[in-house]
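The next block holds one structure in the form of structure tokens; read it before the comments.
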Amino acid sequence: MSQEARVSPSLQSIKSLPVDFRFMGLPATHGLDMSDAVSASDNNMIPDSIPENDELAGEVVRDTDGNMDQENDESPYSSLTLSVEERPSSIGDDELNIATSPLRSFVPSHTASKWSDTTSYVAKKMIQSWFQLPNGNWELGKILSTSGTESVISLSEGKVLKVNPDSLLPANPNILDGVDDLMQLSYLNEPSVLYNLQFRYNQDMIYTKAGPVLVAINPFKEVPLYGTDYIEAYKCKSIESPHVYAITDTAIREMIRDEVNQSIIISGESGAGKTETAKIAMQYLAALGGGSGIENEILKTNPILEAFGNAKTLRNDNSSRFGKLIEIHFSETGKISGAQIQTFLLEKSRVVQCAEGERSYHIFYQLCAGAPPPLKEKLNLKSANEYKYLKQSNCNSIAGVDDAERFHIIVGALDIVHVSKEDQESVFAMLAAVLGLGNVSFTVIDNENHVEPVTDEGLTNVAKLIGCNIGELKLALSTRNMRVGNDNIVQKLTLSQAIDTRDALAKSIYSCLFDWLVEQINKSLAVGKRRTGRSISILDIYGFESFDRNSFEQFCINYANERLQQHFNRHLFKLEQEEYIQDGIDWAKVDFEDNQDCLNLFEKKPLGLLSLLDEESTFPNGTDLTFANKLKQHLNSNSCFRGERDKAFTICHYAGEVMYDTTGFLEKNRDLLHLDSIQLLSSCTCQLPQIFASSMLMQSEKPVAGALFKSGRAESQKLSVATKFKGQLFQLIQRLENTTPHFIRCIKPNNLQSPGIYEQGLVLQQLRCCGVLEVVRISRSGFPTRMSHQKFARRYGFLLLDHVASQDPLSVSVAILHQFNILPEMYQVGYTKLFFRTGQIGVLEDTRNHTLHGILRVQSCFRGHQARRYLKELGRGITTLQSFVRGENTRKQYTVLLQRHRAAVIIQRQMKGIFQQKKFRNVYDASLLIQSVIRGWLVRRCSGDVGLQQFGGRKGNESDEVLVKSSFLAELQRRVLKAEAALREKEEENDILHQRLQQYESRWSEYELKMKSMEEVWQKQMQSLQSSLSIAKKSLAVDDSERNSDASVNLNDDRDYSWDTGSNFKGQDSNGARPMSAGLSVISRLAEEFEQRSQVFGDDAKFLVEVKSGQVEASLNPDRELRRLKQMFEAWKKDYGARLRETKLILHKLGSEEGAVDKLKKKWWGRRNSSRIN
């Protein structure tokens, strides 16, 4: 075989590819013809794996034994898939080359070439085919025979029909039933897709891949596909089945890997489950990027936005009546750092008008049902069926939904997003005011049908809630100020105008309240300085709508879906094909339905739908009929437009034709709130109405020029609703263009919102609207994975040798492709990029991951070796240091222990000595006692024997004597035992008494010491007093004797001289003797008193000591009596000393007439006496 046959024709002109390129690892047993291989490159490839993302590991088509399937060669998908990571370890080297090579995709290409002529195959093999019944449903039948232009088929019910073979569509083999990617179907036709989706839907597998698009069918019930376990499984890639978690995980990984913002676009019609899908995606993001705490706030925005922006419709119990884009920002570490919410086109008309069987926004019913009694009383709330806005649709509840419980959830969510309690009460007050406005009624006041509001409880409550004057509210609802020239004209309103004014005020308050609430949430979720530029946006926007009567809301919604569909087409079809052409690769162009003509119908100026609508809205006399006629006049030539009768027209959307009724188009597009109502809100005392008024006045700074402004009707807005919505939509598309999109198409299986019902026609219509079949078709035939040469070489160049990896990026890229034996039909080399078919990049990623894993293992081993060496060196140093420290500590402890040991030995020696002494005394005392007892017993026995002998001698009976002795001995022993017991008792009592005696002795020694000290003091004082008295007595006696001797001498010597003076001497002598005798008597009395007192004090002190020691019993306190006795003694001593000093003075006066010697003696005696007393 020639080498050229191995190369795809499209690659012959590429010089970077070698001519001698050979396929490696082709098994000889396969029997594949090279002509088939060449032809396979020109046919559509049927991949064998589900491409989750660029990093998905490749898969190998193998049977359960690990060999290529030979039995089911008729079907390219008859074998099972086995992941590379799950290959058996017993595969040899040759088989490993086959498994790791991209040959797995080469086999499908061969079989695909065999299946290229499907008609002949159907006729030859009589396989099952799809037949369309008259009701439009498809039924599976088996071809029994085919002859010419007629085939006989057998249906499931046994019915046999003859049909045209061209009306039959081939069915896939049974082994492909329920595949999780529609790209794996051999025959991609509408009935096969419907059957595959239904097969999975019946098994609660509601997610299916359609190339890069995830198809999600609403189960209308709880399915076990969510929770922490599933989140962890998809995070760890242990589950690879289609899921919202898988799409979200892909977005996170691509954001981190490519550093490009991502977007998840969720679309579908009302009731398809878009809101729930968006919440599931946000839960996965919060689980993977959580940790900062703000993820909980982001999740809590869902119940708030649902309550204020969702309502029950005929098709959906929780229909989003607005679009929202949630942009979640991430930090550099991949954690959620904040979020921002943008809303689109809130359906304000639902506030004042609901169709039969529908409801207004959930928050109204939740407030009425769940508000606590204090709040109800404050807001004067009533039940929902008492408000005209809510009861007009005759539907106030939803089956299985508790509005009161939902209200408490809303309050908790508002707390989490940091809406204060005061602001919450203001929000509830605005809601109550909106409901109250619906109950405001009018009364006709004149013949021209002019009205004014009825002043009732409803009007008063509205004025109270918004904080305005009731008279100003009545004027704002019943009159209109208009400026004509320089004059102001007050125009009274008719009943219909007044009702429109009231409803416009209610809608504006609710719309402003919704916008203000979103603004508060954005403040709570603000990113601030933590923003890094990386974000994932989740777009949950209304799907394509087509009702029996379609109005302005459906017109805007379907226009938005047209624009999003073009973005979808541009991403998957147009941009892809343009990129193929620009990069110069061989590409068979795939035709797809482009909706650019329909977008031109909307946006073309000056004759587009939006331009004509704005133009007609500026005319004061413009009506819905004139608008419809203008459309028919200017747009009938457009292929996407068709005029209808009266006010209707039809637009051919990408999803089908929709007829619109222009009734209310102009009024809704103008969305007028007159300046009177704005001024009313600005004059309110409440804060929220003032904020609403300032917001509306800011929009009216540059009003729309035209007759409307002159008539005073455009003061409230800057642009029309359609123009503002168009601007928001263009900004949204521009933002999405700067992200990598991930598409989720939600499908509603039935209109009954019941589980288990699958309506083929409804599902097929939605699949056509979503363009799912075209997506699969172009993805199967295209190259969904692409990468620039520089990035490819930078990412995988390290797998090559150094001299090859240092070349230019293109050469490196081609060398990598050759190195890993990627088949030529599996990739294309462009000018700037490499293009791969589905799943091919997985082989390189798998090899790269294994190589990096090996590098990391080598690095870890080397670093571990270094760490262990360092640890050993550090351990040796630590051990040495510890040995020194522990040695020093041990020596210190040994020194202390040795000192304690010596002290313990000394203490033990002393204690043992004490114990031995005590034991010796006890043994000694016991020995003495025993000796005394035994000696006494011996004495008594001897004395008893003597008595018995005498008694026996008298009787002379020796036998009786022996008997008496033995009995006496027994009695003696009994007495000895008794005496010993009594001795032990006495010893115990003696021990107790001995202890008491020791206590008394210690106490007595203390008291004796005290008394000895007191007695010594008293004795010293008494001796001092006694010595003083004796000295006094002696001195008095000496003085007396001297006086007597002197008197006798003088008398004898002067006997002659005393003739005349004798009488005088006699008188003096007699007078001097009398005081002397008085002094002696006083001193004797003092001495007697001293003896008596000392005796009394001594007796009392001795008695108190005996009482305190317990020798004498007395009912008194000895300590207190001792203190009292001491005080008495001190008082007596003081008094006695004073009297003794007085006596000394008296005696001193009596002896002053004596000589110098007497005076000296008296002074000396006084000094001595006083010192002794003191």
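The backbone N, Cα and C atoms fix where each Cβ goes, and this holds for glycine too.
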Tell me which of 292-314, 384-406, 660-682, 729-751 corresponds to the region 'Actin-binding' entry in TrEMBL.
729-751
Scan 822-870, 920-968, 969-1017 against TrEMBL and say which stretch is down as coiled coil.
969-1017
Given the ATP site residues Gly268, Glu269, Ser270, Gly271, Ala272, Gly273, Lys274, Thr275, which other residues of that chain have a Cβ within 8 Å of the mean position of their Cβ atoms, reported in sequence order?
Asn218, Asn316, Ser319, Gly543, Cys746, Lys748
Could you list the residues of the same chain, at least six apart in sequence, whose Cβ is under 8 A from the Cβ of Gly273 (ATP binding site)?
Ala216, Asn218, Cys746, Lys748
What count of other C-beta atoms do you get within 10 angstroms of the C-beta of Thr275 (ATP binding site), across all chains shown?
21
Positions on the same chain near the region 'Actin-binding' (729-751), where near means CB under 8 A and six or more residues out:
197, 201, 210, 212-218, 220, 244, 247, 250-251, 254, 258, 260-274, 277, 281, 315, 325, 342, 344, 537, 539, 543, 559-560, 563-564, 567-568, 571, 757-759, 762-763, 766-767, 770, 772
Name the residues of the same chain, 6+ apart in sequence, whose Cβ is under 8 Å from the Cβ of Ala272 (ATP binding site)?
Ala216, Asn218, Gly543, Cys746, Ile747, Lys748, Gln766
Cβ proximity for Glu269 (ATP binding site), under 8 A, sequence spacing 6+, ordered by residue number, returns Arg315, Gly543, Phe544, Glu545, Lys748, Gln766, Cys769
What are the DSSP helix, strand and coil residue counts for the region 'Actin-binding' (729-751)?
9 helix, 8 strand, 6 coil
Could you check the binding-site residues Gly268, Gly271 and say which one's CB has the most other CB atoms within 10 Å?
Gly268
Per DSSP, what is the residue count of the domain 'Myosin N-terminal SH3-like' (124-173) in each of helix, strand and coil?
5 helix, 26 strand, 19 coil
Least crowded of the binding-site residues Ser270, Lys274, counting other Cβ atoms within 10 Å of each Cβ, is Ser270
